[in-house]
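Colleague: The structure under discussion is supplied below as structure tokens; questions concerning it will follow.
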Amino acid sequence: MSNGTNKANDPSLNTIPPCLEPLQSQSTDGSVATPQTKAYLQPEASVNGGTQLNLHFHHSERSRLCTEASSELFDKNNPRIRRDIIRIIAQYLDSQGFTSTKVTLYDEANVKQQHENNYISDVVRLRAAILDGEWGEVDRICSSSYLKDKKHILYNVYKQQYLELIEDNESQKAFATLTKHLKPLEAQQSFQGEFRDLCYLLTTKSIQDAPAFRNWDGIASSREKLAEYLQHILEFEIVGRESEQQHLMPNRLITLFRQAVAYQIESCQYHSEAIPLVPTLLTDYAPVVVPNTERHTFIGHLGNIKCTAYVGQHGRHVASGSSDNTIRIWDTETSECVATLRGHTARIWDICVDRSGSTLVSASGDCTVKIWDIRDLHKPQCITTVASENSSGDVYSVSMNPLESHIIMAGYDRTIRLYDRVTGRIVQTFHGHELSVAQAVSNPLGNLIISGSKDQTIRFWDIMSGTCVKSLRSHLGE
């Protein structure tokens, strides 16, 4: 590669950002001390164009005690929750003078309310018809538009009808019910193998011969259990309506937003003395902080440190790659090295970690990219080594696309490669740079790759076709 200069001899590419610069201090006898990686506290924040707030470090263990905002907190599809949200939004619209919008919201909500009322009425009629054994009426109710989407109800009703036909030795009618009604609803079975046993009943002498129905105790008892199941559904729907009678506190939407912002501030790792003024609700609160106070120094590498990356989203661990051919993972609370990843035969130029903190990818001067499983930090393992047949020279950059399904790698040979983690092969290459590529990353949408090269250009590549769609040449240097 006569047009490129090897990165190992390029001082500009050996530069480390000041906040994570490895220190090589000389002792009194002239020897060089062990390289260090420093971690800094971030106690100052720039707010509203220059106002300084003193920030206090928030121990990460305390942050982890905060309840995670997950889908397990409440069911967004719960009818009661949905009605509560509509009431809260309508209250806010009314307080802001959007009366017409509020009326439109309630008009649309009332249409759905009428649909739900008809649904409840059908369930009441269905329950009575099942207890009376009026299966003609049951079929008419189940064919109504209000029950056609309630597949779990339909499955249990048709299962009861099928079992009664089996009990009465009506094999032909039972088979018709099985194929017409139960087969399309097979996914609603109560447990794995239930539908199989329903089919098996066509060949048995009694219902109790099928393993899933050994506890069958007759038609009357089974009808009562199904009626009880429908009664629970009714109670769930009716209790949900009670929320409409509850008093709605004033400014409920604003109160919930304030509680959400307070949670974000509390779970943040840095706290200011004064209560911060949040400028927007479109993004989560995070102080803009500037490192200026050293908290830890991580000592252990035997060569200068080329790259660092956080492991996972909580910041409990940080990884560093070095010229000593190793990657080390450090505990940010204790500054201890908890894992050392060995396998590369040349310096580590770049590393990246997925959002879950389970996979680390490293790029090295040995012309390879390695994928490491770091879920167990006590036993990290290299699970894949990527080495392109046509690649020569150091790999300088490695990153993941937004879905973390592909790895983007680039380096001395002026080529960018896209590696598919599922198929385990390189699925696209990007050619066009005249000198070595220092870095290549994906845009947030994942449809473009942006690369920076020593040829003084930034190029934008279409990820599907592999063509360069734009090139910027405003830089005067590398």
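We number each residue from 1, going along the chain as drawn.
Keep in mind that glycine also has a Cβ here, set from the backbone N, Cα and C atoms.
Keep in mind that TrEMBL annotations are predicted by a computer and have not been checked by a curator.
The structure displayed is predicted, hence computed values, not measured ones.
Quick paste of what TrEMBL says about this protein:
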type     : residues : note
COMPBIAS : 1-15     : compositional bias 'Polar residues'
COMPBIAS : 23-33    : compositional bias 'Polar residues'
DOMAIN   : 119-173  : domain 'CTLH'
REGION   : 1-33     : region 'Disordered'
REPEAT   : 298-340  : repeat 'WD'
REPEAT   : 341-375  : repeat 'WD'
REPEAT   : 388-429  : repeat 'WD'
REPEAT   : 430-471  : repeat 'WD'
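On this model, are these features tucked inside or out on the surface, and what's nearby?
Modeller: Summarised as a single figure, the pLDDT of the repeat 'WD' (298-340) averages 91.
Here the repeat 'WD' (341-375) has Cβ contacts under 8 Å with residues 7-8, 303, 306-314, 317, 319-329, 381-387, 391-400, 404, 407, 409, 411, 419, 421, 439 of the same chain, all six or more residues outside its ends.
A Cβ distance under 8 Å defines the sequence-distant neighbours of the repeat 'WD' (388-429), meaning residues of its chain 6+ beyond its ends; these are 1, 3-4, 6-8, 13, 346, 349-352, 354-355, 359, 361-365, 367-369, 371, 435-442, 444-446, 449, 451, 453, 461, 463-464, 466.
Per DSSP, the repeat 'WD' (430-471) is made up of 0 helix, 22 strand, 20 coil.
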Colleague: With helix taken as DSSP H, G or I, strand as E or B and everything else coil, how many residues of the repeat 'WD' (341-375) land in each class?
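Modeller: Computed counts for the repeat 'WD' (341-375) are 0 helix, 19 strand, 16 coil.
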